[in-house]
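What TrEMBL annotates here:
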- Gly88, Pro89, Thr90, Gly91, Ser92, Gly93, Lys94, Thr95: ATP binding site (BINDING)
- 3-325: domain 'Kinesin motor' (DOMAIN)
Amino acid sequence: MSKINVYLRFRPVFHKPDEEPEDSCIRSADNSTIEMINLRNTQETVSYKFQQVFGENSSQEEVFGTALQPLLSHFTDDVQNVSVFAYGPTGSGKTFTILGSDETPGFIPRTLRHLFARTRKNCSSSNITATFSMSYIEIYQENVHDLLDDRKKLFSLRQDNCGNILIPGITEIKVENFNDFEKYFVPASHQRRMAKTSLNERSSRSHTILIVKERKAPFLRKTAKLSIVDLAGSEDNRQTGNRGLRLKESSAINTSLHVLGKVVVALNKNNQHRVPYRDSKLTRLLQDSLGGSSHTCMVVNLSPEMSSIFDTQRALNFATKSMTIINRPFTRVEVAEFTPSNEKDETETVNRKHKSTAPILSPSMLEEAKKLKLPVERFVDIENVKPEDAAIKAHKQVPQKVLIESIRNSANIFKGLEQTPKKITSNDISVNDDISVPPKMTPSKQSQVFTVQHNNKQFTFKFKT
């Protein structure tokens, strides 16, 4: 289990050249405590304690090194999901924390440089290969846009049978180094909707999420995603002076942030049966970060001016509630195909020799297939094939329970079955497990063939009534 790490950051007091600077409503008491003026009695202060408080003189390197960098080992080494997002009122410095500038880069450039450097070091000393891909999305007025695609197409959200939230059709670009990443990210970031308001020269009019996926191979393929979220700030339209389109944008931003607050409250009440993730596209995409399977850190940015004291109080209350949310990270493992590239021709020779789409299985695997009660048409016994054949070499490097899972999954996704058994991962299955599969089929289908690819061969299963 992993709790959300919450960090506070406040910027210097801003003021116009011809105006006196405002008094500050907050101050840092120590490295982990912040004090705010009590709204009921301005002679008193209220204290809030977090993982760490970064004052107005804190550097980008300090914030990244303390808040996000320790979590990145979970992504690169453990191959588990990691999320970070910046929260706070408009004009508090969220986009500066996430993006930074050329002179003082923020979370995104620092993170990608760190990932490529660490992965290059780890993979050079092992046979494991790691690949990265990126997607960059924008949520504008409750519509999902692809910032890597300029066709202005709208996307919908879907959920797979494992509970993962997907965006079908979203652009996913493979990146091999930081220059690759920068080539796609910089033009995409210019497409984000920004506008001027009374409080901010460049106010974000949408939420953005950069998703970086990592895949490790061979044998067991591990996958994880890193989400870096730059939230648009909550806005008081009396202060921002929003009208027309700006007012409509502000309404959409505030509504989604309100739903985000409701999700945090529901998770604090341990109300797992009714957490309103579906009430907003933002919370739907952050489902994995809040109460899901991700290591999460939140940087709450604050505006210190007295005129922003109500926004500051709301942000501090939100941050306090978020600290108690518990996530449950884990590593996702899939069955990976294995084919020695330098023995490809030999493998094809073996395939032609048998002229069969049936799998090559050992006698113990044949017994396991009988235990599964699958009426399989035909198997090729591994003992009847020469041991020097490349395909057999590949087969011997794959655990038997991985092949068992292939048979098991064929029953899971076979549409002819009237009921689907509970999905079991390879970690749950041992060679001696006696797993029964319902043999019934719908009357309209007399037989169906299902094939699964492994070691450049097709495993063919034929189900009959």
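Cβ atoms are placed via backbone N, Cα and C, with glycine included.
Taking the mean position of the Cβ atoms of Gly88, Pro89, Thr90, Gly91, Ser92, Gly93, Lys94, Thr95 as the ATP site, the remaining residues of that chain whose Cβ falls within 8 Å of it are Ala86, Asn200, Gly233, Asn301, Ser303. Taken as a whole, the domain 'Kinesin motor' (3-325) shows an average pLDDT of 88 in this prediction. For the binding-site residues shown (Gly88, Pro89, Gly91), fewest C-beta neighbours within 10 angstroms: Pro89. Residues near Gly93 (ATP binding site) in space but far in sequence (CB under 8 A, at least 6 apart, same chain), listed by position: Arg9, Arg11, Asn301. Taking every protein chain shown into account, Thr90, Ser92 are the binding-site residues, and of these the Cβ with the most other Cβ atoms within 10 Å belongs to Ser92.
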